[in-house]
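A.B. asks: What TrEMBL shows for this protein is this:
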REGION    1-28  region 'Disordered'
DOMAIN    39-334  domain 'tRNA synthetases class I catalytic'
BINDING   C43, G44, I45, T46, T58, N81, V82, T83, W224, G246, S247, D248, V280  L-cysteinyl-5'-AMP binding site
BINDING   C43, C228, H253  Zn(2+) binding site
MOTIF     45-55  motif ''HIGH' region'
MOTIF     183-188  motif ''ERGGDP' region'
MOTIF     286-290  motif ''KMSKS' region'
Amino acid sequence: MHAWPASEVPALPGQGRDLRIHDTATDGPVTLDPGPVARIYVCGITPYDATHMGHAATYNAFDLVQRVWLDTKRQVHYVQNVTDVDDPLLERATRDGVDWADLAVQETTLFREDMTALRMLPPQHYIGAVEAIPGIVPLVERLRELGAAYDLDGDIYFSVDADPHFGQVSNLDAAAMRVLSAERGGDPDRPGKKNPLDPMLWLAAREGEPSWDGGTLGRGRPGWHIECVAIALDHLGMTFDVQGGGSDLAFPHHEMGASHAQVLTGEFPMAKAYVHAGMVGLDGEKMSKSKGNLVFVSALRRDGVDPAAIRLALHSRHYRSDWEWTDQVLQDAVDRLGRWRAAVSRPDGPSADALVDEVREALANDLDAPAALAAVDRWAARQEAEGGTDIGAPGLVSRTVDALLGVAL
Ligand code: 5CA
Ligand code: ZN
């Protein structure tokens, strides 16, 4: 499918910094050294109830990853999926009495509009699960040939015991994995499974649900994890730089995906860093489609909130922390945007050469966007208090904020 239009990223003077980022698998920082083309896969939405502030915060983090790389004059090869067929989407369509495919199209369209308004860089490949099915089927067949998949009443499961590295993304014990599996789309209690954690690769066609021709697999539809693996391997290959998503994807989704890919290719690891954003909450609970406690980007836009202010609000919390969306978070961002715009609209100001380095340094240090905001705040405060004579400074600040933070002043 098509993605959304890219906003331009201005080039900055001087040298960009290599990204040091927290990797869930090693539970520590890694300094990534991608080649001339950095490769990143970010899990996309399941298209219903998009785009809430939790989604936006997660995509914001991975937009920053790309901006840091682009600032080092690398190209970025970015792939994102859309889970446009899966249990939660079908359940929502049934609940609301709408066609599941129409719901997916409508919500994906809204997501594109929100991403465009927020100036999030688009993926080069934006791929739906449905369009990936022809690539998924041979992978499941291959896993069966390798003895890493088995049939259970027509459904096909992946055997987690086939991967010697299973468990090395999330580093959880078996009991914790079992709990999360049940909570997040797995079926650990289904009788007949070899290992309760084994995830579904291919679901045999069910009455009243969409299904596709799966060749030797029979009619059915793909499991969730193999969807992302097929798309990632097809467009990025193995051992790409970053696999990204919210922290709720570390297990089972990224754990299972890594195992599928590692068994399929015999290579390890699938990604050099597994990067996870914290969960955004509202009124003390994780913002989630199933709970319905959602603040939508589109609703704020309709209320006349400047998307640049939404973007600054997202930057105001570190991507790895769990945080609460409140009206005050947004109000602070609106105020900050006003101060920054006033500061750059003057014909001259204090030198901004050091500021470029401070913002670069902050973002290269595990995407410390709050520190980057603080650096710009200091420049804006100096501008307001004493001004300056550097006629290039306001423009340089604008370009820095645009290139590295995705905010047009
Ligand atoms: N389609 C799958 C990934 S393949 C999926 O998880 N879709 S989603 O629509 O449920 O979530 C899309 C992204 O937003 C995921 O990375 C998820 O971790 C993230 N996300 C969902 N809720 C929140 C939240 N409250 N805070 C932060 N990120 C969230
Ligand atoms: Zn995914």
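Easy rule for this one: first residue shown is 1, then count along the chain.
The backbone N, Cα and C atoms fix where each Cβ goes, glycine too.
Annotations in TrEMBL come from automatic prediction, not curation.
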A.B. asks: Report, as numbers and ranges, which residues of the same chain sit near the motif ''HIGH' region' (45-55): CB under 8 Å and 6 or more residues beyond its ends.
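C.D. replies: Here the qualifying positions are 82-84, 86, 88-89, 92-93, 103-108, 110-111, 114-115, 246, 279-280, 282, 286-289, 294-298, 314, 325.
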A.B. asks: Hey, does DSSP put T58 (L-cysteinyl-5'-AMP binding site) in a helix, a strand, or just coil?
C.D. replies: helix
A.B. asks: If one measures from the C-alpha of C228 (Zn(2+) binding site) to the C-alpha of V82 (L-cysteinyl-5'-AMP binding site), what distance in angstrom results, rounded to a whole number?
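C.D. replies: Checking the Cα atoms of C228 (Zn(2+) binding site) and V82 (L-cysteinyl-5'-AMP binding site) gives a distance of 9 Å.
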A.B. asks: Sequence gap of 6 or more, C-beta under 8 Å: which same-chain residues meet both conditions with respect to I45 (L-cysteinyl-5'-AMP binding site)?
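C.D. replies: Spatial neighbours, sequence-distant, of I45 (L-cysteinyl-5'-AMP binding site): T51, H55, V82, T83, E107, T108, F111.
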A.B. asks: Taking 10 A as the limit, how many CB atoms besides its own sit near the CB of H253 (Zn(2+) binding site)?
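C.D. replies: Its Cβ shell of radius 10 Å holds 23 other Cβ atoms.
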A.B. asks: Does any of T58, V82, W224, C228, S247, V280 have a Cβ within less than 6 Å of an atom of ligand 2? These are the binding-site residues; tell me which, or none.
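C.D. replies: If the test is a Cβ under 6 Å from any atom of ligand 2, the answer is C228.
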A.B. asks: Determine the Cβ neighbour count for C43 (L-cysteinyl-5'-AMP binding site): the number of other Cβ atoms within 10 Å of its Cβ.
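C.D. replies: For C43 (L-cysteinyl-5'-AMP binding site), the count of other Cβ atoms within 10 Å is 24.
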A.B. asks: Might you list, by sequence position, any residue in that chain lying six or more from V280 (L-cysteinyl-5'-AMP binding site) with a Cβ less than 8 Å away from its Cβ?
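C.D. replies: Same-chain residues close to V280 (L-cysteinyl-5'-AMP binding site) (Cβ under 8 Å, separated by 6 or more) are M53, G54, A57, K286, M287, D322, W323, E324, W325.
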A.B. asks: Can you tell which of T58, S247 has the most other C-beta atoms within 10 Å, given these are the binding-site residues?
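C.D. replies: The residue with the densest Cβ neighbourhood is T58.
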A.B. asks: Over all shown protein chains, what is the count of other CB atoms within 10 A of the CB belonging to V82 (L-cysteinyl-5'-AMP binding site)?
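C.D. replies: Within a 10 Å radius of the Cβ of V82 (L-cysteinyl-5'-AMP binding site) lie 27 other Cβ atoms.
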A.B. asks: Taking the Cα atoms as reference points, how far is T58 (L-cysteinyl-5'-AMP binding site) from H253 (Zn(2+) binding site) in Å?
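C.D. replies: Cα-Cα distance, T58 (L-cysteinyl-5'-AMP binding site) to H253 (Zn(2+) binding site): 16 Å.
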